[in-house]
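As written in TrEMBL, here are the features:
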- 250: active site, proton acceptor (ACT_SITE)
- 77-79, 106, 128, 130, 156, 226, 248, 281-285, 304-305: FMN binding site (BINDING)
- 165, 250, 253: glyoxylate binding site (BINDING)
- 1-338: domain 'FMN hydroxy acid dehydrogenase' (DOMAIN)
């Protein structure tokens, strides 16, 4: 079957992944209205295309905090890649390197940071952090990531508690026994009895803006904050010294009823006024979606679920194909919009 667009990969993943894995990746919170709105919002945005602009030569490269990537699409942090493909995050890292783009590795990876680094040496990688109640665990993770050459620290701000994802509750979702949260092994004996999955009950719900100062005291890495949806929080992020903002609602998996990320993007970009870089994730399914986000002020977008669909299709090769399709569609949309 020819894989022509991202929904082809989605259909493949839905057909061939075990139901419990598909449901986990697809899940949104409550009625999934925010998850679905992330996609629908792009359909309401219209281009004003310009003609006769000489689009024979186009440069689609961009820079993330000074480091060049081949086009403005990176891989968002998502957990448990081994649910999609046996090599898990190692395949993700290799695909990102092959396509010269940025991969944000999750705290909840099923491969260690060391394995991810070794799989794609010299590539652009950021590390996504959840702050745990046991702060020493978070501190060690940050220091490991920095020592391994990760180039940015992405703090997820929208998960003091896990959103209610109904299918995961119904399925009693847990990782299969042979899969481990490799970066957290041995760190969470206290949470072993947790009725929800893994160490999510060990996340620290008391985190505040002041903890950004704590993070800055631990690392020289630039801090990017993920999960911002309002101008007020964008302003606070700048004031507390972050270098980047990812406009994100966690793929609609946290608070149902919040804005679509591309709708929230406009007020965040306006508030920030170029003082920090602004990125976006959520709902990107076509190259034209990437162009819409960039036209509204994003420097780069990140894909979550589509990356997992690519892995489910054919591992590293499948994910490269997803990225290549987005790259080709983005280039074509740029040309047709003038």
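Even glycines carry a Cβ here, placed using N, Cα and C.
Values in this document were obtained by computation on a predicted structure and should not be read as measured data.
Considering only the recorded positions 165, 250, 253, the residues lying within 10 A of residue 304 (FMN binding site) on a C-alpha to C-alpha basis are 250. Cα of residue 253 (glyoxylate binding site) to Cα of residue 156 (FMN binding site): a span of 13 Å. Compute the center of the Cβ atoms of 165, 250, 253, which mark the site for glyoxylate; besides them, the chain residues with Cβ within 8 Å of that center are 27, 28, 29, 35, 162, 163, 251, 252, 254. Neighbour counts were taken at the CB atom with a 10 A radius for the binding-site residues 156, 248; the maximum falls on 248. There are 24 other CB atoms within 10 A of the CB of residue 128 (FMN binding site), with all protein chains counted. The residue listed as 'active site, proton acceptor' and residue 128 (FMN binding site) are 13 Å apart (CA-CA, integer value).
Each of the binding-site residues 77, 79, 282 was assessed for Cβ neighbours inside 10 Å, and the highest tally belongs to 282. For the pair formed by residue 79 (FMN binding site) and residue 165 (glyoxylate binding site), distance between Cα atoms is given as 15 Å, rounded to the nearest Å. Residues within less than 8 Å, Cβ to Cβ, of residue 250 (active site, proton acceptor) and separated from it by at least 6 positions along the same chain comprise 156, 158, 159, 163, 227. Taking CA atoms as the reference points, residue 282 (FMN binding site) and residue 165 (glyoxylate binding site) are 17 Å apart. Counting every protein chain shown, the number of other Cβ atoms lying within 10 Å of the Cβ of residue 304 (FMN binding site) is 20. There are 27 other Cβ atoms within 10 Å of the Cβ belonging to residue 284 (FMN binding site). Annotation for residue 165 (glyoxylate binding site): same-chain Cβ neighbours under 8 Å, separated by at least 6 residues, are 24, 27, 28, 29, 253. Residues listed for glyoxylate, 165, 250, 253, cover a largest CA to CA span of 12 Å.
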